[in-house]
Amino acid sequence: MSFSSRSIGGYGGMSTRLGRGSASVYEGGGSSGGYRISQSSMGGGGGYGGGYGGGGGYRGGGGYGGGCAISSSFQSFGAFRGGGAGGGGLSGGNEKAEMQGLNDRLAEYIEKVRFLENANQELELRIKELLKGKGPGNKDYSAYYTTMQELRDKILAQIMENARVSLEIDNARLAADDFRSKWETELALRSSVEADINNLRGLLDEYSMARMGLEGEIESLREELIFMRKNHEEELAALRAQLEGSSMSVEVDSTKGKDLHKILAEVRAQYEAMIAKNRVDQEEAFNKQAQSVQVVAVQHSQASQAAKVEVTETRRAMQSLQAELDSLRGLIRSLEDQLQDTEERNARDLSTYTMQIQRLEGELSNLRHGINQQLKEYADLLNMKMKLEAEIATYRRLLEGEDSRMGNISANSTSGLITVSGGGGGGGGGVSGGGGGGGMSMTMTSSSSSGGGGGSSSSGGGSVVKTTTTKESSSYSTGYRS
């Protein structure tokens with residue numbers, strides 16, 4: 001339902017403009033000598049202010065003056081409560097109640113739509129700011145690329161260094177294995193030489209024992225020769241003594257004496273030949289054995305000297321190889337320590353970079369989740385807005401139909417009741433006067449509104465102004481009501 005702007009002449013040049021507005025509760029706050037009226041500024045210097053939210057209202061504060069300018073915007077056909085002593089209103093039927101409920105719902109919807117539009121704008125601004133500040137497309141990763149490239153270069157350098165160290169370790173291990181094989185070969189050769197020396201020492205002991213045995217035999221043969229010579233000399237002496245004792249029968253036994261000397265000479269010759277032969281044989285055998293033993297001893301001594309020299313050289317080579325092996329082992333240990341330190345450092349760096357990447361991925365995931373959540377909320381709000389706009393369009397069509405119907409009625413006549421009472425008072429919503437002493441409280445009701453009891457006036461009687469408005473002109477009549 002809509003009211004066109006009409007002038008209501010009369011009190012203090014007061015003019016009233018009625019139209020469609022928001023479904024709100026209006027209060028006018030007056031001071032001494034002013035008026036309280038909804039959406040109005042009474043008198044000179046009157047103010048108009050409002051607070052919107054939760055079905056909020058507009059507050060108008062009147063000042064001092066004789067005139068009153070009233071500008072009202074009706075959206076709802078709610079209850080108006082007057083603050084006069086005898087304030088009253090008109091009540092309609094079920095149609096008015098339904099229209100009042102529809103107006104209340106429409107006011108709530110409009111308020112909700114405005115709130116959602118503001119929230120939608122705020123969300124759009126926040127989304128734009130987030131997309132500008134934290135969007136994946138606008139973020140600059142060039143610094144990270146440089147750092148990552150440097151780290152890749154370092155990692156490649158460390159990999160090459162590890163490969164070089166591993167190659168050196170393998171070469172050192174191969175050299176150590178080669179030296180170990182050489183050392184084992186020399187050790188086996190030394191063992192064989194020592195075994196040969198031990199065998200030669202056994203042979204030398206055997207030859208020494210044989211030499212000692214031969215020397216004992218030579219001594220025994222010499223003693224036997226001396227004993228035989230002594231016996232021979234004794235026998236010769238005995239025979240000479242016998243010959244001297246039997247000198248008287250020399251002539252008789254001369255032939256036998258010759259035979260005895262001959263026999264003795266032959267025996268002596270035989271024994272001397274045997275002794276000489278045995279001596280020569282023994283000397284030859286001894287010389288042969290001594291020469292063979294000397295040759296063997298010389299050979300063994302030469303072999304022993306060569307073995308000693310070889311053992312000395314082998315020992316010297318083994319010592320040098322052992323020193324080189326120790327140095328290589330120390331180098332391997334140091335390289336292994338360096339490799340372990342490098343691996344630990346690379347593992348720490350890799351763990352740090354992995355944590356940074358995970359943190360950045362988490363932030364990116366949270367950002368995407370927040371954007372998706374806000375987009376979802378935006379879509380929900382947009383759907384709600386569309387639903388509310390559809391309902392508002394429906395209510396607008398209903399109201400336009402009601403306005404057209406009421407316009408036809410108001411073409412003939414439209415009546416309203418203005419109640420003016422002195423003093424302030426009037427509680428509740430609507431248009432209510434509540435000024436101080438000596439003021440005026442005005443309540444305006446239309447034919448489609450229902451008035452309820454409100455406050456109480458602080459002073460005496462008031463006046464009731466009943467206005468009947470037509471299209472062409474407007475007039476009012478005033479009557480006094482006790």
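Glycine is treated like the rest: Cβ placed from N, Cα and C.
Model, not experiment: these values are computed from the prediction.
Sequence annotations record features per position, and here Swiss-Prot assigns compositional bias 'Gly residues' to 421-440 (among others).
What Swiss-Prot records for 450-463 (among others) is compositional bias 'Gly residues'.
The compositional bias 'Low complexity' feature in Swiss-Prot is assigned to 464-482.
Per-residue confidence over the domain 'IF rod' (95-406) averages 83 (mean pLDDT, predicted model). Look at Swiss-Prot and you will find 95-406 tagged as domain 'IF rod'.
Per Swiss-Prot, the feature region 'Head' maps to 1-94; the stated evidence is sequence analysis.
Counted with DSSP, the region 'Coil 1A' (95-130) comes out as 36 helix, 0 strand, 0 coil. Sequence annotations record features per position, and here Swiss-Prot assigns region 'Coil 1A' to 95-130 based on sequence analysis.
Marked as region 'Linker 1' by Swiss-Prot on the basis of sequence analysis: 131-147.
What Swiss-Prot records for 148-239 is region 'Coil 1B', and it gives sequence analysis as the kind of evidence.
The region 'Linker 12' annotation in Swiss-Prot covers 240-263.
Under the heading region 'Coil 2', Swiss-Prot lists 264-402, citing sequence analysis as support.
If you look up Swiss-Prot, you'll see 403-479 marked as region 'Tail'.
The annotation region 'Disordered' is assigned in Swiss-Prot to 421-482.
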Count the residues of the region 'Coil 2' (264-402) that DSSP assigns to helix (H, G, I), to strand (E, B) and to coil, and report the three numbers in that order.
139 helix, 0 strand, 0 coil
